[in-house]
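See structure below.
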Amino acid sequence: MEGDRVAGRPVLSSLPVLLLLPLLLSRAAALHPDELFPYGESWGDQLLQEGDDESSAVVKLANPLHFYEARFSNLYVGTNGIISTQDFPRETQYVDYDFPTDFPAIAPFLADIDTSHGRGRVLYREDTSPAVLGLAARYVRAGFPRSARFTPTHAFLATWEQVGAYEEVKRGALPSGELNTFQAVLASDGSDSYALFLYPANGLQFLGTRPKESYNVQLQLPARVGFCRGEADDLKSEGPYFSLTSTEQSVKNLYQLSNLGIPGVWAFHIGSTSLLDNVRPATVGGDLSAARSSVPLGRSFSHATALESDYNEDNLDYYDVNEEEAEYLPGEPEEALNGHSSIDVSFQSKVDTKPLEESATLDPLTKEGTSLGEEEGPDLKGQVEAWDERGTRSPAPPEVDRDSLAPSWETPPPYPENRSIQPYPDGGPVPSEMDVPPAHPEEEIALRNYPASGHTTPLSRGTYEVGLEDNIGSNTEVFTYNAANKETCEHNHRQCSRHAFCTDYATGFCCHCQSKFYGNGKHCLPEGAPHRVNGKVSGHLRVGHTPVHFTDVDLHAYVVGNDGRAYTAISHIPQPAAQALLPLTPIGGLFGWLFALEKPGSENGFSLAGAAFTHDMEVTFYPGEERVHITQTAEGLDPENYLSIKTNIQGQVPYIPANFTAHISPYKELYHYSDSTVTSTSSRDYSLTFGAINQTWSYRIHQNITYQVCRHAPRRPAFPTTQQLSVDRVFALYNDEERVLRFAVTNQIGPVEEDSDPTPVNPCYDGSHMCDTTARCHPGTGVDYTCECASGYQGDGRNCVDENECATGFHRCGPNSVCINLPGTYRCECRSGYEFADDRHTCILITPPPNPCEDGSHTCAPAGQAQCVHHGGSAFSCACLPGYAGDGHQCTDIDECSENRCHPAATCYNTPGSFSCRCQPGYYGDGFQCIPDSTSSLTPCEQQQRHAQAQYAHPGARFHIPQCDEQGNFLPLQCHGSTGFCWCVDPDGHEVPGTQTPPGSTPPHCGPPPEPTQRPPTICERWRENLLEHYGGTPRDDQYVPQCDDLGHFTPLQCHGKSDFCWCVDKDGREVQGTRSQPGTTPACIPTVAPPMVRPTPRPDVTPPSVGTFLLYTQGQQIGYLPLNGTRLQKDAAKTLLSLHGSIIVGIDYDCRERMVYWTDVAGRTISRASLELGAEPETIVNSGLISPEGLAIDHIRRTMYWTDSVMDKIESALLDGSERKVLFHTDLVNPRAIAVDPIRGNLYWTDWNREAPKIETSSLDGENRRILINTDIGLPNGLTFDPFSKLLCWADAGTKKLECTLPDGTGRRVIHNNLKYPFSIVSYADHFYHTDWRRDGVVSVNKHSGQFTDEYLPEQRSHLYGITAVYPYCPTGRK
């Protein structure tokens, strides 16, 4: 019996400590499978169809459910451990990605689950039975004391029973026996909704699944558990979400821990009619007065890392209450930042393990220390009120009947103590005990959330805490704290780094870096990632006796953070000064101290000072006692996380002759730390050598580093006041040709050590590990270690690649902004017309400056009389409009009629600002010219004749006077009386084009044309007319139209469309055998001359897989086929052309001569080809010397292929059979990707998406005349195509999101489209572009002329598409 199991143990209500909202309580036994909510077909459950990616039909709820702020009447259940309010996309769009999803999600166990072949089942139903509703109500009331009256009216249950993970089918291999069982229950009373996740004992046998596209990489993604509102609006901004797990261990602990007191049961408040910013987890168990605690005494619960800690069933049992003191730390994530929360739970070990009866704790009511053995608890007489979820007061939670739930759970007494919030994933442990010695005077007592000196440091990275203990009053009814006159996180959190969280303290706020980042909170950088420094150096030096000055020369530094290497380069310092500065390695040594490799218990400079500090050095040289002062000022991080620094050098240095080199031995120096200052004093020897000359000199250096610290946080205990910097591999070099001064140092920071210490050093601490330069090294036991890619990178730790947050959508750039990927991070930029809001992520419309002319505050005359001209700011001027006179402020109408502007036979009408003229009766004209009207019975010819005669009366007029016949009609022949030109006119007097003759020549014949002699159409003409009608009137370039001469006979030479494939025909249009030509060769088709016998290649009877033009695209290990109807995508006829297991096909192109498709494979590191004949086998033609072959281009005329290798940084060529291979370029390439060829003009083009300097280059096909074509306003030029018909080179840029074109010489650049998603490859055909897109995972078509999207094709299998090419029924040629 439960009561028997409690016997003999003290109850926790006797602890005289203030406990605020205990978070995680456990009991001895985990949830038994029989204790799940009842389910099965006998309970009315529906059964989800078995499979890998199945979705239920819509479940129409009888009563709507609130999720976040919205009401939903429809639910869907998916195979992959997820429930949504809308139908699911394909699983590849969300299963293998981090939380959150871009659609609403309730995820008790989101992973790649497969129920095929009877491996488990998924059941679901809506339920209103009293048994189910009653059990749900008891769970909710226990976890949410303020909801003591919650009475659900309906519930929705989904159960995943004995389901398995998706596995690749392997011959002879049996499926895994690891199966999972879990349940989700959604309960609602019409206004509030709660979710219950249940994980029975041994119910989670697998903790994650492998991505389907991991390409044989042993990678497993932990299951995601949490809630997501989905994208907030049509602009794809990220909505609020709540995540509970992030690692395998946190998934494992789902059935071992709880926020209700029953291991495996979790409760959450997920929706409400009132404001609910985010999902809120349960924080209160049941009645603790009669229950035991399974919490290890002397340890504290924390949301920080409980789910990250390693537990087994044994260590979840009870502990003897007499061994250690018991204490709980709550951790409800109230008001999680930006609506995003991630709550993990952990145990925090405590250093001090005094016996219970000797430990002292502080009574917050009396502010006196009391021994745990002295009293059972303060008598609050029912006046103390508990803190609810929002931090307000509420009645103490009601007692929960221990027997109302099976089994019962425990709840602590409702005494508030400390609150800890941890909304960030992977947070570190947060101690919360109040370990204060007894009998302190009242004014000396400091209540803190952190342990006293000697305990674990509280500033663990990744922890968000809010202390409510500051200045607690002694009123027994209400606990308050004084927050007046201090800055708080609410208004100042934007001062923190975007990778930091803000914490309120008694006197103000402080910033702390999140997990996997380090720094001082205002500046945070990813752990393990390389860092870069940019700056300027100025100096006024006396080198020997020679003055040398330089201003703002460039300084660049590169730091490998995980092994302490720092490289510094200073450009364009005058040679005498650069040579003399060689011994001053502390100039670059600053970055060594700043980013030194940290030994256990030590911190480098950036962890303390961040990116804002001043470094002062005074160096005295011996024996000459020259003295130089160096000041280095750090000015923060730029948008790309580069440290900005200014260096100033003043003083005198010894002269060092040219060609001498400086050598400095490894050294160690001590750094002394006080509140906000670091000092160091040391001496250093250096030697100068040249040939046999070797001289030894020395200098003494005093260093002082000052920075700002946040004084509001408690001082960290046991931080060493002295640390030792060990500097190894010291180099100083000057290159006179490059005019670059270089320093290199390798640094470790740690405690002061004796040189004779023989203890082996873990490779993580001395930099000898094999982790990637963008990975963190995690020390293990002895010399063991593991590698983990730094934030913003992905891989196995030994090989890490940049994670493109912009492509994957894992960024915080808001609407009206553009995401720009950077190494290890990303940057948001606002679109034109927008600027950043205070959060540096949201872009808001730029408020235009006040314009008096637009807002109506000007003093000009009304708009119809004057014009207001804005001159910037509030300045403007006024000018009267034409037709008005005045100073612009006052304008009066001008009476134009008084100026006699009309014809004498016209009447003038004045109007405001204008006037009009109208001919008087008996005249016709425009009012400015009026002619007597006697034309009522005249013909058009006679009317024009009269009018021209009237105009002719004006001096200098050269009007043509029409000639009319006796009936008043235009004579067919008209001649100009002044010029002598003659021409023919039609009956309306309009000139017949092409009939004009010059003066002195024979006038044209303008009689009626002779009746045409009609002949019947010939066979050639009938065939031509029939085909044109079939083609819709206008044939495409690839459609054959017979060519007929003027007599309708077949022309001897016939060609296929606009191609160079031509042949000879006889008089009946039949092809003369053996006359088909190759490109560039035109057959002689004179009937009396035999045509040359050139056998075509390939044979003309080869049958392609399809008639017409089609697209080929690559997708993982497949080559897809997508036919075109004109330029429209025939999506219903798309299919897989070729499947190559284990490949990752990237580049693809087509040889139109031999109808062969060629491709690159980055998985197999090969280039292969295959014929389009039915049943053709792939053939590998290049299988060595490749690492990452990507772009591929075929020259069908020269029978040559060209490709790029983005790892080898090469561009190579070979014949189409792989022979005669040669390297065209291997220098000045960083990330070559796309490549295109113009075989007609003999040009080669390629892109290099080097993020530092992207470019598009060109050369001849033999590698001569290499030059940069485009290197401005481009970002990630992924795709490149050359259109032989328009002679345009076009590219798709995943950085700028633009599709642009230019002429082959780089001129005439224009934007076709400026809002692509994430293009990878592009091809041109007819008047369209077709490109593959990684955001859409499909093929997108864009009209060349309008720039509009016209269509898209999304394959059923959703994964990234790579290369794309067009296959014509002929070889495209174009013209030079």
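Keep in mind that glycine also has a Cβ here, set from the backbone N, Cα and C atoms.
A TrEMBL annotation is a machine prediction, not a hand-curated record.
The recorded disulfide partner of CYS982, taken from TrEMBL and restricted to CYS975, CYS984, is CYS975. Matching TrEMBL disulfide entries to the candidates CYS1055, CYS1064 identifies the partner of CYS1062 as CYS1055. Using a 10 Å radius centred on the Cβ of CYS982 (disulfide bond) and all shown protein chains, the other Cβ atoms total 19.
In terms of C-beta pairs under 8 Å, the stretch of 802-844, 893-929, 1017-1085 lying closest in packing to the domain 'Nidogen G2 beta-barrel' (529-759) is 802-844. With a cut-off of 8 Å between Cβ atoms, the residues of this chain six or more beyond the repeat 'LDL-receptor class B' (1242-1286) that come close are 820-823, 1037, 1058, 1191, 1193, 1195, 1198, 1200, 1202, 1204, 1211, 1213, 1224-1225, 1229-1236, 1292-1296, 1302, 1304-1306, 1309, 1319-1324, 1329, 1331-1332, 1344, 1372-1374. In this structure the C-alpha atoms belonging to CYS1055 (disulfide bond) and CYS982 (disulfide bond) are separated by 44 Å. All chains included, 18 other C-beta atoms sit within 10 angstroms of the C-beta of CYS1062 (disulfide bond).
Confidence over the domain 'EGF-like' (849-892), given as mean pLDDT on the 0 to 100 scale, stands at 88.
Residue environment of CYS1055 (disulfide bond) contains 17 other Cβ atoms, counted within 10 Å of its Cβ in all protein chains. Straight-line distance linking the Cα atoms of CYS982 (disulfide bond) and CYS1062 (disulfide bond), rounded to a whole number, equals 47 Å. Distance noted between the C-alpha atoms of CYS1062 (disulfide bond) and CYS975 (disulfide bond) is 50 Å.
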